[in-house]
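Student: Here you go, one structure.
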Amino acid sequence: MVNRTKLNWSHVTPKPLWLNRRALIAGIGATALASPALAKIAAKPSQFSTDVEPNTLEEITNYNNFYEFGWDKTDPAANAGQLTTDPWSVTVDGLVDRPGTYDLADIMKDRPLEERIYRFRCVEAWAMVIPWIGFELSGLLNRFGVQPSAKYVAIQTLLRPEEMPGQRAGGINWPYVEGLRLDEAMNPLTIMATGLYGENLPKQNGAPLRLVVPWKYGFKSIKSIVKISLVAEQPPTTWQQLQPSEYGFYANVNPEVNHPRWSQATERKIGGGFFASRQETLKFNGYGDEVAGMYAGMDLAKNY
Amino acid sequence: MARLDAWLKRVPNWAVWLAGFIPLAWLIWLVVTNDLGVDPVKEIEHRLGKIALWFLVGGLVITPLRSFVGLNLIRYRRAIGLLAFIYVVLHLMAWAVFDMGLLMSQAINDLFRRPYLIFGISAFILLIPLAITSNKASIRKLGANWRRLHWLVYPAVLLGVVHYLWQMKVIRTEGWIWLVVALLLLATRIKWPGSSARSAPKKGPSKRQQAINAANKT
């Protein structure tokens, strides 16, 4: 809703689209329209990628919890099409040297895009493997000049009930908000995703910009981001406000700490077939080497 | 209503059974045609549970239909109750085999520690004796105790509905509707002081019909 009429960065074609267009023209010239390289976003592979086979695009885009578009897993795919993702701007405020409202193209400017094939674990005890394309959040935050007094990052999803039917229904106090401790936000595993399977992020997956924190339950990975605030105090988060006994601020994947109503010891792999699709859940979703140090000395059962 | 009642009387019991298996046939068809979406396991499990709820609640509708509307479907109640039980068993099997992948140690561990699973399994356990005694021989043998035993269907339905609500991340409108409907149906069973909820005095069945009903019940 911000700066929608003003001429700004969104009127500049984003580089990936521009590249696609060039590739398309080249493609027509070469009459090789079906070439797989055609619409791919250029993204470097990453050492943090898992070598587990990713879920199919169909699975990733038709099984979403994005309550802004409805309660059912298939609702986002059905309803997210109406979301306007261009123009898109992100407000950066709080304890930063360069606050402001930045257009998406500006946010993405000079961000090195990488493909990160990450395990994804939902608090509902299902799991996928997703080939995200994105950039490290730390690089973005550093651009704004994080002040020493900043301890947390608070992130907000778009509030636009006219395009997000779920926001017209009750149940959740919109907009959706999430947050990370600053060291979590600065961890190299934490990315802002803008793409998936070599394409721009599908709307049901949180286009045009979403957080991905692979060692935490999926609800931490907030979608369709419009605001990033650097703050001194732990910010409120949607699920924690909704049900504090069940969803904590940290929400680290942990098979030893069960959800009060269900076990987190195992998970069902989506696309795993009818038999034996259940697998052991790994602590920190398997990213312990990279992240466990941040929680040294913390009681993870208490800080769930 | 009398005409509808008379027409319904001609519906044979096997037709109710046949109709009762249509949802299962449909579900199997969706599995075969790979039409259950990205997560067929959850879909099968949830659909079977929901069908079981329909039959469980449907079974509770029969008595109020007779007392308040004058529609007598008592003769189909056994089929509806047994169909409900069959779908509960299928739901439970889908959970154990497809969802839990037969990791029985975790399944059993969960069963006794997770509130919503406790509600669900309790409903199932309560329904077992009812299914076993849903036949003429048991009714003869148990006499008045048969009715006392089958009173268990009320807590079973309530536990089933609570089980359904409790597994939701956020309880949705549909969940609350199920709970309200179940509670209303249970409320019709309460004998309020000064009135009899079990028989509608104005449009109630005739003496003869009451006798037939009594005979059908036993």
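Placement of Cβ uses the backbone N, Cα and C atoms for every residue, glycine included.
The shown structure was predicted, so the numbers you read here are calculated from the model rather than taken from an experiment.
The transmembrane segment feature in TrEMBL is assigned to B:12-31, B:51-69, B:81-104, B:116-137, B:149-169, B:175-192. For B:62-161, the entry in TrEMBL reads domain 'Ferric oxidoreductase'. The region 'Disordered' annotation in TrEMBL covers B:194-218. For B:207-218, the entry in TrEMBL reads compositional bias 'Polar residues'.
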Student: So which residues does the transmembrane segment (B:51-69) touch in its own chain, when a touch means Cβ under 8 Å and the partner is 6 or more beyond its ends?
Tutor: 1, 20, 23-24, 27, 76-77, 80-81, 83-84, 87-88, 90-91, 153-154, 156-157, 160-161, 164, 178, 181-182, 185-186, 188-189, 197-200, 204-205, 213
Student: Looking only at the domain 'Ferric oxidoreductase' (B:62-161), how are its residues distributed among DSSP helix, strand and coil?
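Tutor: Split into helix, strand and coil, the domain 'Ferric oxidoreductase' (B:62-161) gives 83 helix, 0 strand, 17 coil.
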Student: Over the domain 'Ferric oxidoreductase' (B:62-161), what is the model's mean pLDDT?
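Tutor: Averaging the confidence scores along the domain 'Ferric oxidoreductase' (B:62-161) gives 91.
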